């Protein structure tokens, strides 16, 4: 019967008694997946790279010498060299950079000094921005750069991360209300090849050393390789501790959020930066629960910490501790402060929240005396906020308060803001201050700090222009910002919202949340933006709840992982979005409100069973009969669709077996043929009664399958033994005794004739026919034994006594005939036909016993005085015939005994005759005749009985 499985797809086997059955074994090793990963240290969602270009010009009515050019160079100092033991993947991936980068370029006629800033803000306008400050005379050219991009390709060979999936399914819990608190695992996150390098760098022509020019497009790059122990789990933490003169970010301050990504944008760890301790604490996501052997490398933009590293041309120890691994390097820092310049400004920092520019301007560092000083700030693309009261004017009382890093300690300055009137105009884009304030002359020095907020209405990239109009000349300084790579823009104060809801077990599989249905703990949930970039990930809590916080208006994607042992329920059932399932991937829109309707339901995946029966097919018909029993101890192996062994069992005492907890899918069942047994015929009848063969393919589709049977019968050896024993023994004994006694006084004639004839005929014929036909292992032994025993006994006794005085004639005739016939026929025919290993024993024993006894007794007594004639004739005939179809043996002894005594044969005269003796002689004669006749009758009678 072919293709007879209705619920299952199966392949039978062609029966062959010589088939060898084997179990295919599939080595499973843990599949390894190599994922090239470059870690990204990000600040926040949308981050930008800004370049600030500041140009200062001086219009002079008199000939004035310009400040000499200062060529500043920086040379990196390597304090230690670490061996690179990081494995690289097969494909290059971009190295990780800080998510924000800003470059500020300040330009004057004589010198450059860089200043770098890193910004992180998803809601404020700014990407890469270039500022240009201009005046009639250029004094300096300063660039302030920090890395604001989310991910930037670096020209160096990228390090990678190689990852393979974990085999275990560990479900860590990250509750919404109280995130899981893990263990510090600094000792389980290992860093190597740590380096702090200057990106670009400037060589000091005098010393030949490479210097870090903080306001001339230079940034620092922190690089390292790392490995993570497999024992690390979601919620565990590790730290980056930055030293006294070193911090993450650039001109733009580091964001509080510092996430760690792989090359595909998946979040490995979420970092929180604490500016007070200058430490970032990273918390691992469920990524480490899903993968093992995580290793890789990273590159992070960093900057000099301006409040501590304050002096130009000074070497500072840049130190960092990653986990438990510490590294430091001496780096020369230069901010490009020009002390002889009446007006100079710099971007102190860019706020990482609203991307506002926090500016510092130094006025009259040379301490010149002026009769006129009007300080004017013009903003393009930015605005002042008069209500913020962050326009500050400080009077300098000590020349040392003009620190090179443009981050003076304002607590040591004299705040004179209230002494001046700040006049805002041009829609708060212009601020004017008269620094003379009624004085006729003044040589006072000032430090002025301002905050400029991005203006969303502006279509250009923005700039900040400064002028100091004096009685001697008009000084100018300009900071302009241009986008290098795009970023979304929004107000810094935009409200944040939440997104999330619930993952539940849909026990009745109706696709709706019912009151009695509970949440599922430990489900992985990933949040992505509209471009598919991963923003965050979390794990459902013990109640099945999850939540993402701090989100702006927009469209998001939420992905749910399927928990082990579950199947996604039907999505989008009904019209109530609050109680349905949104499937494995859904889209959520935030528009001025939280969105807590993104749910997903799962039900426990049903498990099925497979198996049935292995039986002894005694009649070899390939069908299970009610009298046939199961076979115990048959090994049965189950393989999945890939050929991997997923289960092995043995049949029980009733021949039954089964495999449980199976998903719907394709499987192969392999029966191992028991020793000494032969596979029976397959697919001979109904599916639940036939044999399916040694290997059976089966498909389970939402049901159990208990029709997978197999039958065997015993292997036979044909041994045909035919034993025929035929023994024929014929014994014929004929004994004839004839005694004739005659006594005659005269004229006695005695004639004794004895005839004994014994005839024995024995015929033994043995015919044994054994026919054995055996296909395999046939042994035929035929032994024929035929025994026939024939016994013939003939006894004849004849006694004749004659006494005659004269003329006595005695005649005695004895005839003894013995006939014995024994016929024994033995025919043994054994026919054995065996396909294989058949043993047939045929034994035939034929015994024939024939006994023939013939006894003849003849007694004749004659007494005659005269004229007596005695004649005794004894005839003994014994005939024995034995016929046996086997082996015949005959033995016929014949012993005729006839004795005639003639007492008168020597007489010389005839018996006397006379009247006196006639009666006597006649009586004697007749007596003798009667005796002889009686003897003959008796003998003949016995002869008939024997026959």
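Easy rule for this one: first residue shown is 1, then count along the chain.
Keep in mind that glycine also has a Cβ here, set from the backbone N, Cα and C atoms.
Annotation source Swiss-Prot lists compositional bias 'Polar residues' at 56-71 (among others).
Among the features that Swiss-Prot reports, compositional bias 'Basic and acidic residues' is placed at 72-83.
The annotation compositional bias 'Polar residues' is assigned in Swiss-Prot to 84-155 (among others).
With helix defined as DSSP H, G or I and strand as E or B, the compositional bias 'Acidic residues' (685-695) counts 0 helix, 2 strand, 9 coil. The compositional bias 'Acidic residues' annotation in Swiss-Prot covers 685-695 (among others).
Among the features that Swiss-Prot reports, compositional bias 'Acidic residues' is placed at 712-886 (among others).
According to Swiss-Prot, the feature compositional bias 'Low complexity' maps to 912-927.
Residues or ranges marked as domain 'CNA-B 1' in Swiss-Prot: 496-606.
Mean predicted confidence for the domain 'CNA-B 2' (607-717): the pLDDT average there is 89. The domain 'CNA-B 2' annotation in Swiss-Prot covers 607-717.
The feature region 'Ligand binding A region' is assigned by Swiss-Prot to 51-495.
Residues or ranges marked as region 'Disordered' in Swiss-Prot: 51-164 (among others).
The feature region 'Disordered' is assigned by Swiss-Prot to 678-927 (among others).
Look at Swiss-Prot and you will find 21-32 tagged as motif 'YSIRK-G/S signaling motif', backed by similarity to another entry.
Summarising the annotation, Swiss-Prot assigns motif 'LPXTG sorting signal' to 910-914 and lists sequence analysis as the type of evidence.
Positions annotated as signal peptide by Swiss-Prot, on the basis of sequence analysis: 1-50.
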Item to check | For the domain 'CNA-B 2' (607-717), residues assigned helix / strand / coil by DSSP | outcome: 0 helix, 56 strand, 55 coil
Checklist outcome for this item: The DSSP breakdown of the domain 'CNA-B 1' (496-606) into helix, strand and coil residues is 0 helix, 52 strand, 59 coil
